[in-house]
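Novice: My structure is below; once you've seen it, I'll send some questions.
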């Protein structure tokens with residue numbers, strides 16, 4: 001089969017670099033969702049009841065508050081249950097639920113069979129509890145999820161959104177951030193090494209050749225070099241890496257480019273691991289170091305004379321999502337204030353598509369509940385760019401690397417499966433299943449555009465900035481220019 005083969009108008013790919021989709025189907029979503037109708041119901045129902053009771057403004061406000069949540073829940077439930085698919089180019093095999101899943105409860109088996117599909121949120125909760133299993137590989141079954149699962153909103157989904165996620169969005173205190181990050185990242189370095197591999201990088205790598213099956217280490221090395229080249233990192237420059245993880249970028253930039261790097265993380269295990277990694281490359285701690293700090297306490301660097309200065313370059317790879325929507329602008333302002341006026345800010349940001357499908361939202365709530373609690377700032381691109389520009393940054397370039405993330409996640413998934421016994425023996429079967437589902441579903445989600453990742457290069461929007469000096473880093477322009485042919489005879 002060729003790299004892409006058309007089946008009823010839909011391309012079925014066969015690239016070596018990624019996990020190719022056998023059933024790239026679209027579901028229902030934003031195209032059939034009317035905010036105006038929802039607003040009409042939210043105001044119309046309490047207004048109707050108010051008039052029946054011959055009440056005034058206070059009565060209307062009372063009924064508005066009383067009915068708001070039930071109306072929202074009913075509206076989302078009905079639309080997620082009965083809205084038509086975005087398109088029906090891809091036909092489902094209609095094999096029945098029992099072809100893909102094995103229930104370990106007779107009542108559940110009787111309830112979900114044939115074309116009576118199980119809600120995806122219900123499924124993954126039952127899967128983690130051991131009440132249902134995949135018949136075969138998890139990722140293979142999830143590729144055909146439209147054939148056995150629905151994306152209807154459930155009561156437990158609403159409960160988590162209202163009582164779990166919303167309070168976290170509102171609060172996002174220092175203590176909350178510290179508790180969530182340390183609970184997640186200090187679980188144990190071995191836990192993460194069992195899927196991240198030797199590089200210990202928990203962010204997307206980059207594909208260099210879509211027709212080549214590169215290793216996870218090659219993908220991550222491609223990314224490390226790309227980051228340093230995009231910011232034109234030079235020897236002796238002060239680099240700040242916010243959310244540095246296990247310090248791999250800090251070690252790379254220090255040893256390969258001679259930069260003076262400060263890495264910031266809330267993870268205690270990550271701090272020790274990162275400093276040990278930097279030292280293993282023969283880099284003195286006076287040159288580069290990892291600090292266990294809240295990002296709000298990031299220190300400015302000091303020059304050779306002991307004077308406080310600013311950072312020449314700042315990188316932030318998939319950490320900004322943890323800041324929270326409410327704190328996002330203040331976070332960017334802090335970055336702006338710490339960056340030299342001639343400096344460069346590199347932001348790698350995991351975002352969501354604006355034209356969402358219900359599947360996307362259910363996956364996002366799963367991620368917030370089980371994988372990245374408090375990471376509510378994953379948003380569509382326009383929110384990020386608007387916030388950056390309002391802070392005073394100017395965009396140099398934006399690259400969408402969502403499919404690169406899918407390739408990275410697929411390799412993490414295979415690593416995780418190969419370490420099943422290690423995980424189960426130390427952390428239990430439930431943790432194995434949660435991460436198995438996370439890595440498998442995310443491989444699909446990032447490949448199909450539900451969630452994606454952007455590399456954004458930024459500078460301060462000042463009149464004095466040397467914009468011409470960064471033309472050579474704009475590969476999206478330089479690549480096509482270098483391949484052009486003369487057309488004038």
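Count begins at 1; order follows the chain as displayed.
Note: Cβ is positioned from N, Cα and C throughout, glycine not excepted.
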Novice: Could you tell me which of the ranges 29-49, 92-112 is annotated in Swiss-Prot as transmembrane segment?
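Specialist: It is 29-49 that Swiss-Prot describes as transmembrane segment.
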Novice: Given 59-79, 122-142, which one carries Swiss-Prot's transmembrane segment label?
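Specialist: Here Swiss-Prot associates transmembrane segment with the stretch 59-79.
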Novice: Just how many other Cβ atoms lie inside 10 Å of the Cβ on residue 243 (S-adenosyl-L-methionine binding site)?
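Specialist: There are 24 of them.
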Novice: Given the binding-site residues 202, 246, which one is most crowded in terms of C-beta atoms within 10 angstroms?
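Specialist: When each Cβ's neighbours within 10 Å are tallied, 246 leads.
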Novice: In DSSP terms, helix, strand or coil for residue 269 (S-adenosyl-L-methionine binding site)?
Specialist: helix
Novice: A 10 Å Cβ contact count, applied to the binding-site residues 240, 266: which residue has the minimum?
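Specialist: With the binding-site residues 240, 266, fewest surrounding Cβ atoms within 10 Å: 266.
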